[in-house]
Amino acid sequence: MASGILVNVKEEVTCPICLELLTEPLSLPCGHSFCQACITANHKESMLYKEEERSCPVCRISYQPENIQPNRHVANIVEKLREVKLSPEEGQKVDHCARHGEKLLLFCQEDSKVICWLCERSQEHRGHHTFLMEEVAQEYHVKLQTALEMLRQKQQEAEKLEADTREEKASWKIQIDYDKTNVSADFEQLREILDWEESNELQNLEKEEEDILKSLTKSETEMVQQTQYMRELISDLEHRLQGSMMELLQGVDGIIKRIENMTLKKPKTFHKNQRRVFRAPDLKGMLDMFRELTDVRRYWVDVTLAPNNISHAVIAEDKRQVSYQNPQIMYQAPGSLFGSLTNFNYYTGVRGSQSITSGKLTNFNYCTGVLGSQSITSGKHYWEVDVSKKSAWILGVCAGFQPDATYNIEQNENYQPKYGYWVIGLQEGDKYSVFQDGSSHTPFAPFIVPLSVIICPDRVGVFVDYEACTVSFFNITNHGFLIYKFSQCSFSKPVFPYLNPRKCTVPMTLCSPSS
């Protein structure tokens, strides 16, 4: 029993690297102890392989060299153990063959087993390659050391694979969480769009119901009156036929002619096959439009209007609103500011002026177009204009003019890109158009192209990409539907936001980014 205890103690104070009793033992923070020479050699190997962290050869827990401590207690145990000599019986159990009792001196290569000389001659090991343990111990020590290094390298690869897998797992989680957020946002937008479309469609159906039922109710009343008239006429005829001869003949020709000339009034009908057919909205297209609008809104700038004493337009104190003011010019005597007015014109272009020096004012133009204070010379810019309840307006961008400059009317009245205007407009309440360059036959008149706008916008978004040379207009009321886009604009000069309320007293309002 004492020998068993000694063997166990010996195992506890044996170096895991060299498998010998510890020499100058050093302990790591994890609790494992090694010979000073062995752990030092391990450090050098770590530096050779450029490992960032040093780890325990047994449990692979990282440690810092300064945390290694000499273990004097273990050193004392090793010294005492070296002084203890096992009894012959105990030594026999450790170093002698359990079968033959002979000392174990040989190594069988085929069976990878330590044997005695009698085992070598037995049938079990006959013909095997056997060597003295001293002859092969160093060779196998080198092989085991090589295997250990290979295993450590594979362990490093395994740890890297583990770290890569953990990193990929985290990356996937982040990506999927991001996709979840986007999906939720997209479906929330779709729900909003669907709610709006449903409400709009129901409103259309309610209006259709109101109009049709109102008309049919009117027709029903007329049919009731017509039927009642027929009843009264039939009753009159029956009375004549049943009465005296005098009653029969009294005014008979007039009654007969009235009956012969009578035509039944037919009710107004509505054909169901001619009704507007409901079609489900293109959700993907609408969502793409909404995403494009969300993207350009990232470049929203706070635009204000430049003061304008020339243009016949009223700018609010907050410089966000412009409205048309109906001109009221009173006649004054010659020599005063205003004399008689002839050939009076209302012009709704960019600001212009004409000096008034005599008592007669001819061909006077009132202008209602105004510019934004901020010039655009690079980058991307976006703003929105509230045009609700207006029956006419023009908006977009204007290039080449300073907000406080006085221009020539004849030069600036043409809304053409070649003159520095990239604008769209509304007139007569429902006619939308874009102003393009005139033809070679009419170079001084813009070519006005009608625009198909299904839902009239209460708010219009304007997006300028200076580097891409584009100006885009969005129908905010219709989920950001693209109204029109100018491409290949020649922005050779700074451009300014342009608003023109035209001859409509309802104001145009620049919306703040927070609205």
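Even glycines carry a Cβ here, placed using N, Cα and C.
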Swiss-Prot annotation (zinc finger) - matching range among 15-60, 383-428, 429-474: 15-60
Where Swiss-Prot places region 'Required for interaction with GABARAP and for autophagy' among the ranges 187-200, 341-354, 355-368: 187-200
Other same-chain residues whose Cβ falls within 8 Å of the Cβ centroid of Cys97, His100, Cys119, His125, the recorded Zn(2+) site, in sequence order: Arg99, Glu102, Ile115, Cys116, Trp117, Leu118, Glu120, Ser122, Glu124
Cys97, Cys119 as binding-site residues, winner by CB count within 10 A: Cys119
Fewest-neighbour residue among binding-site residues, criterion Cβ within 10 Å, set His100, His125: His100
Secondary structure tally of the zinc finger (92-133) (DSSP, helix then strand then coil): 10 helix, 11 strand, 21 coil
Per-region confidence, the domain 'B30.2/SPRY' (283-515) (mean pLDDT, whole number): 77
